[in-house]
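All remarks here apply to the structure that follows.
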C-alpha cells in the first residue's frame with residue numbers, strides 16, 4: 001500500500017478501536033510503532049499480535065508532566081519519531097446548559113491541550129531532523145457539530161485549526177501536518193446500538209454502512225507516506241458521504 005519501512009511512528013490512543021487499526025496498518029507497511037494508551041492490557045495484547053518492531057508508551061494525557069515524559073521517552077526509545085499520530089480522545093457528553101466545568105475541561109485537556117504539548121515536544125526534534133509527518137485524528141463532529149457534544153466538537157474543531165496553522169509554520173522544514181476526520185466507525189460502542197438506532201444512522205450515510213478502523217488507518221498511512229509529501233494543512237474526511245465538505 002504505502003511503503004513505511006524503517007519509519008518510526010508514535011500512535012496515541014492505540015488501545016482504542018481506531019488507534020489499534022492505525023497501529024496495525026502502519027506496522028504492516030513496515031513502520032516501527034510506538035503504542036500509547038492508558039489500558040495497559042489492551043496495549044500488551046496488541047503488541048503481542050504485532051510481534052516485533054513495537055514499543056509501549058503508557059501515559060495519562062490529562063497529566064502535563066506525563067505528556068512531556070511521553071514525548072521524551074518516545075524520541076529516545078524509538079531513536080526519533082518520524083510519524084506522530086495524535087489519535088487519543090475522550091467524550092463527556094451532555095447538553096450545553098447542563099455541562100459542568102470539569103466535563104468541559106477534561107475533554108479539552110485530553111483532546112486538544114495534550115495534543116498541543118505532545119506535538120510541541122516531538123516537533124522540536126522533527127525540525128532538527130528536517131523531516132516529519134504529523135497526522136491528527138479529528139472527527140466529522142468537529143466540522144458539522146453534534147448536539148450534546150459542545151466540548152468534544154470544540155476540541156475536534158480546534159485540532160483542525162491547529163493543524164492548518166502549524167502546517168504553515170513548519171512546511172519549509174519538510175514536515176507536513178494533516179487531519180483525518182472519521183464519521184461513524186464500527187467499534188465496541190457502535191456494536192451496542194440497537195437496530196432502530198443503527199437505522200437512524202444509516203439514513204444519514206449515503207454509502208449506508210459504518211466505516212471500519214482500517215479505512216481510517218489507510219488514510220493515515222497515505223498521509224504518513226512519501227506519496228503525500230505535497231499534502232499539508234488538509235483534512236481527509238472518512239465518513240461515507242455523511243458530510244461532503
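Along the chain as shown, the residues are counted starting at 1.
Backbone N, Cα and C define each Cβ position, glycine as well.
According to Swiss-Prot, the feature NAD(+) binding site maps to 11-35, an assignment based on similarity to another entry. The substrate binding site annotation in Swiss-Prot covers 139, and the record cites similarity to another entry as its basis. Per Swiss-Prot, the feature active site, proton acceptor maps to 152; the stated evidence is sequence analysis.
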Assigned conformation of residue 23 (NAD(+) binding site) - DSSP reduced to three states:
helix
Is residue 11 (NAD(+) binding site) helix, strand or coil when read with DSSP?
strand
Applying a 10 Å Cβ distance cut-off over all chains shown, what neighbour count does residue 35 (NAD(+) binding site) have?
26
So, in DSSP terms, is residue 139 (substrate binding site) helix, strand, or coil?
coil
Let me know how many other Cβ atoms fall within 10 Å of the Cβ of the residue listed as 'substrate binding site'.
27
Based on Cβ atoms within 10 Å, give me the single least packed residue among the binding-site residues 11, 23, 31.
31
Chain-internal residues near residue 15 (NAD(+) binding site), provided their CB is under 8 angstroms and they sit 6+ positions away:
35, 37, 38, 39, 42, 43, 46
Would you count the other C-beta atoms found within 10 angstroms of the C-beta of residue 27 (NAD(+) binding site) for me?
22
Quick check for you: of the binding-site residues 11, 19, 23, 27, 31, 139, which have their Cα within 10 Å of the Cα of residue 152 (active site, proton acceptor)?
139
Residue 19 (NAD(+) binding site), number of other Cβ atoms within 10 Å:
27
Can you check what DSSP calls the residue listed as 'active site, proton acceptor', collapsed to helix, strand or coil?
helix
